[in-house]
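Participant: So Swiss-Prot lists the following for this protein:
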type: ACT_SITE; residues: CYS116; note: active site, glycyl thioester intermediate
type: DOMAIN; residues: 32-185; note: domain 'UBC core'
Amino acid sequence: MLTLASKLKWDEDLKGSQTSVSTSDSTRRFSMRDKLLVTEVAELEANLPWTCKVHFPDPNKLHCFQLTVSPDEGYYQGGNFQFEIEVPDAYNMVPPKVKCLTKIWHPNITETGEICLSLLREHSADGTGWAPTRTLKDVVWGLNSLFTDLLNFYDPLNIEAAEHHLQDKEDFRDKVDEYIRRYAR
């Protein structure tokens, strides 16, 4: 992370010392997304929920990182759930792409990793979708909340999991526990 930030700083320093042709070539190396991410990643790391950890496999690529959510309450307590977050070039006009890498029995996450979280939608009927004013911090806090207060059995993506909960809460909990033992340790 510091590597990209250092490169951006170096790029800014170059602006003052090179001709306008060289400066424009130098400036093109970093997209607006990358410049935003330097600030947003610092803010994210300073404001992470204590049940979350971020990992940047390549510190020079702030647009690709992993998030681990380890809920401390509710159905998913004791599990470690991995998410892959990829920030597209058009960020912050479009939301990041997020996939759950951990197989999970959850009404708002499919077993293949698709996620139902309104702020990850480019357009949302209820007006809570993505907006350029949102940040990575909002995404991480939203993903964390899918295991607690945003857990929604009445507007599910995984209909089978939601119906399972509505029909037999105890059996639902048993299946969640089984998935945690098998996939989320």
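The backbone N, Cα and C atoms fix where each Cβ goes, glycine too.
Help me picture where these features are in the structure shown.
Facilitator: Secondary structure at CYS116 (active site, glycyl thioester intermediate), taken from DSSP and collapsed to helix, strand or coil, is coil.
Confidence over the domain 'UBC core' (32-185), given as mean pLDDT on the 0 to 100 scale, stands at 95.
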Participant: Identify, in sequence order, the residues in the chain of CYS116 (active site, glycyl thioester intermediate) that are 6 or more apart from it along the sequence and have a CB within less than 8 Å of its CB; answer 'none' if there are none.
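Facilitator: Counting only residues 6 or more apart in sequence, the Cβ neighbours of CYS116 (active site, glycyl thioester intermediate) under 8 Å are ASN108, ILE109, ASN152, ASP155, PRO156, LEU157.
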